[in-house]
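See below for the structure under consideration.
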Amino acid sequence: MSNFSNQIRASSALIKRLKHHHHHRSSNPLLLMQSRSYTTNECHRPAIVQKRSLDILHDPWFNKGTAFSMTERDRLDLRGLLPPNVMTPEQQIERYMVDLKRLEVQARDGPSDPNALAKWRILNRLHDRNEVMYYKVLINNIEEYAPIVYTPTVGLVCQNYSGLFRRPRGMYFSAEDRGEMMSMVYNWPADQVDMIVVTDGSRILGLGDLGVQGIGIAIGKLDLYVAAAGINPQRVLPVMIDVGTNNEKLLEDPLYLGLQENRLDGDEYVAVIDEFMEAVFTRWPNVIVQFEDFQSKWAFKLLQRYRNTYRMFNDDVQGTAGVAIAGLLGAVRAQGRPMIDFPKQKIVVAGAGSAGIGVLNTARKTMARMLGNNEHAFDSAQRQFWVVDAKGLITEDRENIDPDALPFARKVNEINRQELWEGASLVEVVQKVKPDVLLGLSAVGGLFSKEVLEALKGSTSTRPAIFAMSNPTNNAECTPEEAYSSLGENIIFASGSPFKDVDLGNDRIGHCNQGNNMYLFPGIGLGTLLSGSRIITDGMLQAAAECLAAYMTEEEVLKGVIFPSISSIRDITKEVAAAVVKEAIEEDVAEGYRGMDARELRKFSQIQRSKFSIFNQ
């Protein structure tokens, strides 16, 4: 009887509490809406979690799995839904890594499935269920897993994305959504978004038109924003703009997930991109949009269309250029010369797409700045480049020349003196020019053949540089083994995708530098975010490149190491971001971040621009 009485009293008390709770909440609609909320921490700021029970375990943004404390389990109605033993994050990662190493081989779908793709699958499953742990694993093992979530494996992921797709990530805007995008952006659950990476899938790495499957590159880039720059993963958004595809294989594939129609072009295409940009900046006025892997035809046009209106940049044009400039300046240092000698370098560039032209424009500006930044300086700098595309050397005799390549077309009287001609092959140009640098941005694997590399032996440089920058690995213009075996140890080698150093025997190492955009774009994004800059200026991008160029010590560059280890990516990103913030302040485009206005930013005098200036090296 006493037990029954106790139950009655307990039930009565509960009913009174519920009545009181309902009356209190119903009088305040805002409190009623938040009646199932729980306050947690987003970095050092409180955030409201509007979920309970299985809903929170199924949400990768908030799920911590067995790491939920008993207090959290009680407040979030999780008690009994998890094993009773509370694990530390370190224990979780240790358990996961043991499983990962075991599954890396077993998860392969037959011998044709590369081990790297198996790793991506396993990491992606973790990403789907527990973002906190996923990013801890990625940050703690960045050197091993950056090539899995980013280049080169991301290229393979994009090629197979329709078959790999399990759970949606990011947003998809298509040509069929015209007129609806302004309302569509409110379907995304985050009230604040700091970073968007957007692609139309038209030129994924060097793999061509992959249509809607190109969203894999946007996801991979944002993984690095989180891992390298510490951007809140709840405030990043990968975006695919699907305007069709011209890839015949995808148009005929019944499993393809995108629009099976030819790509929009002309004004119709621009109207779709315009509508997208207006929509995302209407909902998130302070967001930064990074354009990624748009075909050359549109990359420059869209950059010029939006860069003075929106906070945006194109990583293929501007990020690739910045990394290349840092590498080129590092190569000058590796020759034992001051970086101010950069305008004397003779550079043969293979490739005249968006990346190639972007590098050429930035390199010319950098040389011109060193020479006085006047018209004569620009003319002088322009003469240091020889550009070779699929049709050979680009000269003024070229018919229907691309307007973006026109400034770098060689004058007829100049090439006549060099015994060259319109359409001369790469090997002929290298033989005649005897360049200090051979820079590959062609997306043509093996372009730097043995014949081309042998021709570089005639270089007037004491230590010629070979930059095989095309991604993914199969598209690299040559391998480090090919370069060192043809030219010996006294060269500088860099690539876009990771390669292992070359053992040259007798304890000598041929260093392979990975000159990848990941060294710059996270810092550019973070610096822009923290400065609150209205736009992303050429000066901010230049400051980022100069910072990276100066990052390596003199001892390291003389050994041939011109880019840092991926394991240092968070420190590099911090330095690059500081340089970007400082430049934004100096150019008076900084408006501050959250509670800090531009005046307060200027007080941070410890950020010394002189540390990053190439003129002080």
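Heads up, the Cβ atoms here are built off N, Cα and C, so glycines get one too.
Fair warning: this is a prediction, and the values are worked out from it, not measured in the lab.
What TrEMBL records for this protein:
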- 127-307: domain 'Malic enzyme N-terminal' (DOMAIN)
- Tyr150: active site, proton donor (ACT_SITE)
- Lys221: active site, proton acceptor (ACT_SITE)
- Glu292, Asp293, Asp316: divalent metal cation binding site (BINDING)
- 317-585: domain 'Malic enzyme NAD-binding' (DOMAIN)
PLDDT averaged over every residue in the domain 'Malic enzyme NAD-binding' (317-585): 94
List of residues, in chain order, with Cβ under 8 A from that of Tyr150 (active site, proton donor) and at least 6 apart: Gly220, Lys221, Asp223, Leu224, Asn516, Met518
Other residues, Cβ within 8 Å of Glu292, Asp293, Asp316 Cβ centroid (divalent metal cation site): Thr199, Arg203, Ile204, Ile217, Phe291, Phe294, Ala299, Asn314, Asp315
Other C-beta atoms that fall within 10 angstroms of the C-beta of Asp293 (divalent metal cation binding site): 26
